[in-house]
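Participant: Here you go, one structure.
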Amino acid sequence: MSLPKTANGMDKLKLCYLLLFYLGSSSLTEVSGAQTCEIDSVLCTSDLSEPDDPPIFHDLTTKEIKSVQTYLYHQRDLRLLRPGLAKINTSFIQGMELYLPNKKDVIHYLQSKVPTPKPPRAAVVTIFRGDCDPAVVEEYIVFPLPWPTQHRLHRKVPYYLRPFNDVEFATISDFLTKQVDGVLRQFLEESFGGRLINCGNRCLNFQFASPVGPSVSNEPGARKSWYWLHQLVEYSALHPVDFAVLMKIVGCVYTIEKVYFNNMYFNSLQEVALHYRNPSFPRLRIPYPVDSKQLFSKMERRGILFPEKPVSPPRQVEPEGKRYSVKYQEVKYMNWKFNFRLSPGLGPRLHNIRYHDRLIVYELALQDIVVFYSGAEPPHQYANFFDSSYMIGMNLQGMVPGVDCPTGATFIDSHILTESSLKPAKLINAFCVFEQNTGDFLRRHISKTSPDGPFYEGVPSIVLVLRAITTIANYDYTIDFIFHHNGVLQTKVVPTGYILPSLYTKQNENKYGFRLNNKLIGNLHHHLFNFKVDIDINGQHNRYETLDIVLDKTSHPVSKKPYDVWYQNKIKHNLRKTEMEALFKYDFDKPMHHIFYNNNLKSPEGNNMAYRLVNRGMSKSLLPECSGNEGTGAWMRHQIAVTKRKETELTSSSVYSAFGTKNPVVNFRNFYADNENIVDEDLVAWVTMGTYHIPHTEDLPVTHTPGLDLSFFLSPFNYFPEDPAMGSRDSVRIEAVDKNNLKRGIKIDKQTFPEKMTCKAPIGNYFEYILKRPNVIFDIQ
C-alpha cells in the first residue's frame with residue numbers, strides 16, 4: 001500500500017505512522033511550553049506493501065506463493081494433499097522460498113547501463129513424498145513467476161533426512177503419549193506426580209528431542225531421537241524428570257528402541273513396568289512443582305523491586321523523522337543501500353550491500369546455528385542440535401517494541417508457506433529496522449593547548465540496525481546487521497533464553513556443569529554460528545591476503561653494547577593462493593589481518609583498495625574431525641575459510657543436517673577439498689563464531705545477554721583516501737576564535753543538534769493492539 005498524497009506535510013506524516021501503527025511508531029508529542037517537533041515527512045518513506053513487480057532479491061510475495069501452490073496442485077503426478085489431510089506417508093508441500101538466478105545474470109542486470117530484462121523469478125519448493133516407495137524428499141524449481149508454467153526437479157534427498165515439521169511432530173507426540181501412558185501410567189504418576197493423558201494441571205510432556213543420526217547409531221537409513229520427558233510448567237525445560245525414550249522411525253514404522261530412567265537402560269516400556277513391580281527396584285520421586293510467581297523457572301517479576309518507584313527508562317527519539325527508508329525489502333540509509341529477505345530454513349540474508357553505491361558484499365547470510373551439549377545421560381550426551389533442521393527462518397516472529405527493538409523502529413512482516421497452512425503464513429514483526437545512538441563515539445579528539453589546539457572534534461556513533469530474532473525451542477538468538485557511518489559493516493549474534501539442564505545426580509556433579517539448585521545441573525554446551533560473506537571488492541575478481549605480523553630483528557644503533565639488537569614487529573604479505581591455504585584456525589602466536597581486494601585497482605598511494613575481515617567471535621571446536629555429528633558441521637573447524645564461489649556451493653549447511661551426519665547433503669569439506677585456485681576469483685568467506693556456555697545460577701530462569709555477544713566486521717582498509725565519515729553532519733567541532741587568545745571566545749560548528757527541541761519519546765499503542773490480536777506475538781490459531 002502506497003502512502004496517499006496530501007497537501008499538508010503533517011497529514012502525510014500521520015499517514016506514514018498510521019501505516020505502522022501497531023509497530024510502536026507514533027508521531028512525537030509536544031511538551032508543554034516547548035517548541036513543536038516538526039518532522040520532515042519526506043524522510044518517512046517506508047512502504048511495507050508487497051510490490052506487483054518484485055525486485056530481484058525480494059522474497060516470494062503472497063501472490064507468487066498462491067500461484068505456485070495452484071500450479072503444483074494441478075500436477076497430478078505429484079499426488080499432493082492439502083494441509084489438514086497430509087500425513088507423513090503422503091505427498092505434501094513442506095515449504096517454498098525464492099530461488100535466485102545465477103549471480104552472473106544478477107550482476108549483469110544490476111550493472112547494465114542500458115535497459116535490460118530482469119532475470120525471471122522462480123521458487124524452490126520442497127515436497128515430502130511419503131507416498132513414494134521408497135519415500136523421498138523432492139525439491140522443484142517452479143518458474144516463471146508470478147504465473148508459473150514449468151517445473152524441474154532440483155534434487156532428491158533420502159526421506160529419513162527430512163527436517164522436523166509439524167505433521168511429524170503431531171504424529172510422534174500422539175504415538176509416544178499413547179504408548180508410554182498405556183504401559184507406565186502408574187509409574188509416571190508415582191515417580192513424577194503427573195500424567196500424559198487426562199492430566200489436569202499436572203501434565204507431563206515429551207518436549208525436546210535429541211537427534212541420533214546414522215553416523216552415531218551406525219544404522220543407515222534409520223531416523224532416531226531421544227525424547228525427554230518434562231513436567232509441563234513454565235518453563236518445562238527446567239523441569240526434567242530423568243526419563244527418556246529412544247524412538248526409531250524407519251519409513252512409517254515407529255518403534256521405541258530404548259528407555260532411560262534413573263541412570264539405567266531398558267529395552268522396552270514393558271521391561272520398565274516389570275522391574276517397577278519389584279519392591280527392590282530403585283525408586284525416584286520428583287514432586288510435581290507448585291505453580292506460582294515464585295517458582296524459580298518462571299519469568300515473573302519477583303525479588304527486590306527496582307527502581308524504588310516505577311519511573312520509565314530512557315527512550316530515543318527521532319526529532320526530525322527517520323533518516324532511512326524501507327521499500328520493497330530495500331533499505332537506504334546515509335551512504336548505505338542493501339536488500340534483505342528471509343529463508344524459511346536458514347534465516348535472514350542480505351544482498352547487494354553497497355556503500356557510496358559501490359558493491360561491497362553480494363550476499364551476507366546466516367548458514368546455521370549449532371548447539372552441542374555434554375552430559376551423563378543420553379538426552380544431553382546426544383543433544384547435538386543443527387537448528388536449520390528446525391527451520392530457523394520460520395521461527396522469526398513477535399518482536400516487541402520497546403524491548404526487542406526500540407519503540408520507534410520500523411517493523412516488517414514476512415510471508416512464508418508452511419505444511420500446516422493452505423494460505424501463506426504471516427510472520428508478524430519478523431524484522432525490525434532502526435537507527436540508534438550507541439552512546440559511544442565514532443571518533444573524537446581534544447587538543448587543549450597550542451600549537452595544535454585548542455580544538456575538539458567528535459562524531460557520535462550512530463548506526464542503522466536490521467534485526468531478526470529467532471526462537472528455536474528454548475533458545476532465542478538475536479541477529480543484527482549493523483551499518484556504521486564510516487563504511488564498516490558489523491554482523492552480531494547474541495544468544496539468550498532458557499538453558500537445557502539435566503537432573504542432578506552424583507554421576508554428573510561438576511563434570512558437565514554446576515549444580516544450580518537442589519535438583520538441576522546446568523549442562524555445558526557450545527554455541528556455533530556460521531555466516532556466508534560473498535565479498536565483491538571492486539568487482540568479482542578478488543584476492544585474499546593475510547598481513548602476517550612477525551618479529552623484526554634489527555640493529556640497535558644507540559646502544560653502547562656491541563652487536564646489540566632491537567626487536568620490533570613488521571608486516572609480511574602472504575597471498576593465499578589456494579583454498580587449503582585459506583583455511584584459518586586462530587593461533588595466538590601468529591597475529592594477522594585478513595584483507596580482500598582487486599589487484600587491478602590501486603589507491604593513489606599504490607595500496608590495494610581492500611576491505612578487512614575481523615572476527616571478534618572466534619571459538620575453537622575441540623571435537624575430533626568426523627567424530628559423531630562433527631562431520632555435518634565441517635565449517636566449525638575453521639574460524640574463517642575462503643573458497644572460490646560456485647553456483648553448486650551456495651550454502652555451507654542445509655535443513656537436512658540433523659540426520660545427515662553420515663553423508664551430509666551439504667558437505668562443507670568438499671568446498672575446499674579440491675584445493676582450487678583463489679587468486680583473482682570470485683571469493684566467499686565463511687565465518688564461524690561461537691561461545692562455550694557453562695551455566696551458572698544467574699542463568700535462572702533465563703540466560704542474560706551481557707558478555708555473550710559475538711561479532712565480525714568488514715572494514716575499509718586503504719579503500720578510501722581518508723575516513724569516509726568526515727562528511728558526517730553529526731560531527732561537532734569546537735575551537736577557539738583565536739587560538740592564541742582564548743579570551744576572545746570559541747566557535748561551535750554543529751548541524752544536527754537542535755537546542756530548543758523538547759519532545760516526548762514515541763510510546764505507540766502496541767500493547768493495546770496485541771490485547772485484541774494475541775496472534776501477533778503468539779502462535780494462536
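Cβ atoms here come from the backbone N, Cα and C positions, even for glycine.
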Participant: Per Swiss-Prot, which of Glu579, Glu581, Glu768 sits in the Ca(2+) 2 site along with Phe671, Asp674, Glu676?
Facilitator: Glu579
Participant: Among His351, His356, His693, His696, which residue does Swiss-Prot annotate as binding Cu cation at the site that also has His525, His527?
Facilitator: His693
Participant: Which cysteine out of Cys252, Cys432 is the one Swiss-Prot pairs with Cys405 in a disulfide?
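Facilitator: So the cysteine paired with Cys405 in Swiss-Prot is Cys432.
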Participant: Check for me: which candidate out of Cys199, Cys252 does Swiss-Prot give as the disulfide partner of Cys203?
Facilitator: Cys199
Participant: Excluding Asp534, Asp536, Asp682, Leu683, which residues of the same chain place their Cβ within 8 Å of the centroid of the Cβ atoms of the recorded Ca(2+) 1 site?
Facilitator: Tyr362, Ile535, Gln540, Asn542, Arg645, Glu681, Val684
Participant: Across all the protein chains here, work out how many other Cβ atoms are within 10 Å of the Cβ of Asp387 (active site, proton acceptor).
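Facilitator: The answer is 26 other Cβ atoms.
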Participant: Where does Ser388 (substrate binding site) sit in the DSSP three-state scheme?
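Facilitator: In the DSSP reduction, Ser388 (substrate binding site) maps to helix.
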Participant: In the three-state scheme derived from DSSP, which category covers Met394 (substrate binding site)?
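Facilitator: The three-state answer is helix.
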Participant: So what sits near Asp536 (Mn(2+) binding site) in its own chain, CB-to-CB under 8 Å and at least six residues off in sequence?
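Facilitator: In sequence order, Leu359, Ile360, Val361, Tyr362, Asn542, Asp682 meet the Cβ cut-off.
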Participant: Of Cys203, Cys405, Tyr475, which is closest to Ser388 (substrate binding site) if I measure between C-alpha atoms? They're all recorded positions.
Facilitator: Tyr475
Participant: Please work out the number of neighbouring Cβ atoms within 10 Å of the Cβ of Cys199 (disulfide bond), leaving out its own Cβ.
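Facilitator: Result for Cys199 (disulfide bond): 16 other Cβ atoms within 10 Å.
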Participant: Whole-number Å only: compute the distance from the Cα of Leu683 (Ca(2+) 1 binding site) to the Cα of Cys199 (disulfide bond).
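Facilitator: Rounded to a whole number, the Cα-Cα distance is 57 Å.
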